[in-house]
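Chemist: This is the structure I want to talk about, given as structure tokens.
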Amino acid sequence: MKILVVNCGSSSLKYQLIDMTSEEALAKGLVERIGIEGSILTQKVNGEKYIIEEPMKDHKKAIELVLKALVDKEHGVISDMSEIAAVGHRVVHGGEKYASSVLIDDEVMEALEDCVKLAPLHNPPNIIGINACRELMPKTPMVAVFDTAFHQTLPDYAYMYPLPYELYEQNGIRKYGFHGTSHRYVSSVASEMMGKDLKDLKVITCHLGNGASLCAVKEGKSVETSMGFTPLAGLAMGTRCGDIDPAILLFMERELKMSPDEVDTVINKKSGVLGISGVSSDFRDIEGAAEEGNKRAKLALDVYHYTVRQTIGAYTAVLNGVDAIVFTAGLGENSAASREEILNGLEYLGIKIDAEKNKQRGKQIEISTEDSKVKVFVIPTDEELMIARDTKEITAK
């Protein structure tokens, strides 16, 4: 059984064709600059690159070219489109309606449109991608897998903001959380590595990329997460500010005479480690600058590590203890220095790190010592595989 996994952005599209027998990706691809001059599709099969450069006015044209690349006689991996058993779509926001993945029909599409107000940047391109696939592959079942779904198990006291209750009832203003597919994947892998049932474990998962969030997993369910109503909340990130005093935004508008759009740009695109360091949003650049003595770069890293450490401490309280901590995503998988800094100061939990194992980059590995009271893992995330598994399970029903 072969499943196509699609992740649509506003002008880009990532895809993988996964053979579910071996759970291996037969092809991985990226389409860039959709609707802009210089559109390009890059597909990788066994390390070999295949490139298509031609105008793509919209996502429908992009998906046409994806299918063309997959069945290409020389560079493709299937002989006919009918080999694609189903398509799994990453959808950022499922609102309160969806606590799990769902088979897409017209009713689901209406519900996705209703969620646009909650994710105005992300859901529209997700919807466009689904519509394009449905048009080009009308007989192929499609499944929506939501970033928010895993966190729908949060208790009401964890997702409710202390605002007038009507804002929640009438406008859906509450904590939703994101990166759910990643948190779900790495927590399940951690339980396998420990040889235990996830339902018997208390796990804190740290998805640390340019966007970053933590999740507290108890009895296999998300009970707390750091992102909120939007992916802006929680930790300091690459360019996002994370949790700040909301009155700062009013100060920026009233005293600094900034428009809402200008404030939005500052808190989403000019803040985080980029804002503090003035160097970059790329942690490799900031680590390099800090090593060369750049004080603001060092401060940016200190702030970042502090917010992650602080949140791990809080989630230990939420869970009443912790059995395992997992690091994943770009920084979590590749920065030994960041992992070490984050865990410094958590010795009271009985965490002990094996310095040699911690030097490994991008590998699935346990980095804690044998006598560490808390297991610490680095687990490369695989959201596409999780989407494919859900798609297989739902279309088999």
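A Cβ is built for glycine as well, from the same backbone N, Cα and C atoms used for every other residue.
Copied straight from Swiss-Prot:
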BINDING   Asn7, Glu383  Mg(2+) binding site
BINDING   Lys14, His207, Leu208, Gly209, Asn210, Gly211, Asp282, Phe283, Arg284, Gly330, Leu331, Gly332, Glu333, Asn334  ATP binding site
BINDING   Arg90  substrate binding site
ACT_SITE  Asp147  active site, proton donor/acceptor
SITE      His179  site 'Transition state stabilizer'
SITE      Arg240  site 'Transition state stabilizer'
Chemist: Per DSSP, to which secondary structure element type does Arg90 (substrate binding site) belong, with helix, strand and coil as the options?
Modeler: strand
Chemist: Using Arg90 (substrate binding site) as the reference point, find which of the recorded positions Lys14, Asp147, Leu208, Arg284 has the shortest Cα-to-Cα distance to it.
Modeler: Asp147
Chemist: Quick one: of Lys14, Arg90, His179, Arg240, which of the recorded positions has the smallest count of other CB atoms within 10 A?
Modeler: Lys14
Chemist: Could you check which of the recorded positions Asp147, His179, Arg240, Glu383 is the closest Cα neighbour of Lys14 (ATP binding site)?
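Modeler: When the Cα distances are compared, Glu383 comes out closest.
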Chemist: Over all shown protein chains, what is the count of other CB atoms within 10 A of the CB belonging to Glu383 (Mg(2+) binding site)?
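Modeler: Summing over all protein chains shown, Glu383 (Mg(2+) binding site) has 24 other Cβ atoms within 10 Å.
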Chemist: Translate the DSSP assignment of Lys14 (ATP binding site) into the three-state scheme.
Modeler: strand
Chemist: Roughly how many angstrom lie between the C-alpha atoms of Leu331 (ATP binding site) and Arg240 (site 'Transition state stabilizer')?
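Modeler: Cα-Cα distance, Leu331 (ATP binding site) to Arg240 (site 'Transition state stabilizer'): 15 Å.
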Chemist: Provide, as an integer number of angstrom, the distance between the C-alpha atoms of Arg284 (ATP binding site) and Glu383 (Mg(2+) binding site).
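Modeler: Glu383 (Mg(2+) binding site) has its Cα 23 Å from the Cα of Arg284 (ATP binding site).
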Chemist: Work out the three-state DSSP category of Asn7 (Mg(2+) binding site).
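Modeler: Where Asn7 (Mg(2+) binding site) sits, the three-state DSSP reduction gives strand.
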Chemist: State which of the following recorded positions has the fewest other Cβ atoms within 10 Å around its Cβ: Asp147, Asp282, Glu333.
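Modeler: Across Asp147, Asp282, Glu333, these recorded positions, the one with fewest Cβ atoms within 10 Å is Asp282.
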Chemist: In terms of Cα spacing, which of the recorded positions Asn7, Asp147, His179, Arg240, Glu383 are within 10 angstroms of Asn210 (ATP binding site)?
Modeler: Arg240
Chemist: I need the least crowded one of these binding-site residues (Asn7, Asn210), counting other C-beta atoms within 10 angstroms of each C-beta.
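Modeler: The binding-site residues Asn7, Asn210 were compared, and Asn210 has the fewest Cβ atoms within 10 Å.
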Chemist: Taking only C-alpha atoms and a 10 A limit, tell me which of His179, Leu208, Arg240, Asp282, Glu333 are near Glu383 (Mg(2+) binding site). These are the recorded positions.
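Modeler: Qualifying among His179, Leu208, Arg240, Asp282, Glu333: His179.
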Chemist: According to DSSP, does Asn210 (ATP binding site) sit in a helix, a strand, or coil?
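Modeler: Looking at the DSSP assignment, Asn210 (ATP binding site) belongs to neither helix nor strand, so coil.
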